[in-house]
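Asker: Could you have a look at this structure, given as structure tokens, before my questions?
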Amino acid sequence: MQRFSTIGPVQKMKVFFKYVLCIPLIPLSVYYLICPSVRTLIGFIPMDKCTLKSAEMLILDNVVDASLDLGSRRDVQTCTSWKAPVIWEGMFDPDLYDQKHKMEGSSVALTVFAVGRYLDAYLGTFLNSSEQHFMPGLPVTYYVFTDVPEKVPDVELASQRTLKVIKVERSSRWQDISMMRMKTISDVIESDIRHRCTHVFCFDVDQVFTGRFGSEALGDSVALLHAHYYHLPATLFTYDRNRESRAYMETGDFYYHAAIFGGSWKSVKALTDACYQGILEDKRNNVEALWHDESHLNKYMWLHKPSRVLSPEYCWDTSIGYRSDIKVTRLLWAPKYYDKLRTS
């Protein structure tokens, strides 16, 4: 009791919730999904806090990062232990970022896979909402990977924005589609993107933009905090715990969502190459990572720290319910119809 009393209030809360939530991971996960009250309770677990006195102490992705107000959001974590920013509403001036990236000639490739029924269900909404909210004012090239190019909807594009459709083969299992996208992204970076874009963002298609997703998100290596895990202790993150898998992790910093990742084209190519090699080695050993490419992405980001972390504002799931720290939503999970859309 004496040792407990010497720690701060944030640590006390974390210790309390650690014991409250110290039950087997799979039952907890199931209960979490079916019980809104548990999701609400988890929202009260405090995040770690940034210990830097000024953004000038960050390892800067861009000189504009020195203008970030790390103390403006005392309810959340605004920097990492390796001095990368965690981007939240209220921390940045969007005009400063837009002006700087326009001066630097930044341009962005957006990759998205729309295979099988996912094209009909999601692609049109995804692209149209992206035109409204994704990287306003910057050149953007959409790379749509699909097995049915003729069904890609017509989208009215703004100036300096283009769309390329690339045919891919449809795998028999959705898990293989998910994992093999790493090689496909790497290949198109090498053949095309590196010659025309400075940055790459990779998205799942079953999402819809609802607010600014702008140049403040650009960095050398960009990861996203998973909306369902950012308040949980690391002991409850669903890393791959199978020692036979290349994605195996005993611990980590955060749990990242593979629905969005990005960075400079060089960094994204390095990530996708590493994940693909890990997936191939697992296949040779008859192993499949728990969350497929997401498990491999988390392993890579643990070994190669991202230079920029996006808050869950950048990919929010409304089923979680109200969270006081989510001031805006920039991208929302679309309704999931996995029983109808996934082939196996």
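Cβ atoms here come from the backbone N, Cα and C positions, even for glycine.
These figures come from a predicted structure and were not determined experimentally.
For 16-34, the entry in TrEMBL reads transmembrane segment. The UDP-N-acetyl-alpha-D-galactosamine binding site feature in TrEMBL is assigned to F113, A114, V115, Y118, D204, V205, D206. Summarising the annotation, TrEMBL assigns Mn(2+) binding site to D204, D206. The feature active site, nucleophile is assigned by TrEMBL to E294.
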Asker: Between C-alpha atoms, which of these binding-site residues comes nearest to the residue listed as 'active site, nucleophile': V115, D204, V205, D206?
Answerer: D204
Asker: Near A114 (UDP-N-acetyl-alpha-D-galactosamine binding site), which residues of its chain come within a Cβ-Cβ distance under 8 Å, counting only those 6 or more away in sequence?
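Answerer: Non-local contacts for A114 (UDP-N-acetyl-alpha-D-galactosamine binding site): Y122, L123, F126, V144, F145, T146, V152, V205.
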Asker: Across all protein chains in the structure, which of the recorded positions D204, D206, E294 has the highest Cβ count within 10 Å?
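Answerer: Selected residue: E294.
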Asker: Roughly how wide, in whole Å, is the group F113, A114, V115, Y118, D204, V205, D206 that binds UDP-N-acetyl-alpha-D-galactosamine, by largest Cα to Cα distance?
Answerer: 11
Asker: Let me know how many other Cβ atoms fall within 10 Å of the Cβ of Y118 (UDP-N-acetyl-alpha-D-galactosamine binding site).
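Answerer: So the Cβ neighbour count for Y118 (UDP-N-acetyl-alpha-D-galactosamine binding site) comes to 22.
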Asker: Applying the rule Cβ within 8 Å of the centroid of the Cβ atoms of F113, A114, V115, Y118, D204, V205, D206, what extra residues of the same chain belong around the UDP-N-acetyl-alpha-D-galactosamine site?
Answerer: V112, L119, Y122, L123, F126
Asker: Count the Cβ atoms, other than its own, that fall within 10 Å of the Cβ of V115 (UDP-N-acetyl-alpha-D-galactosamine binding site), considering every protein chain shown.
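Answerer: Other Cβ atoms within 10 Å of V115 (UDP-N-acetyl-alpha-D-galactosamine binding site): 21.
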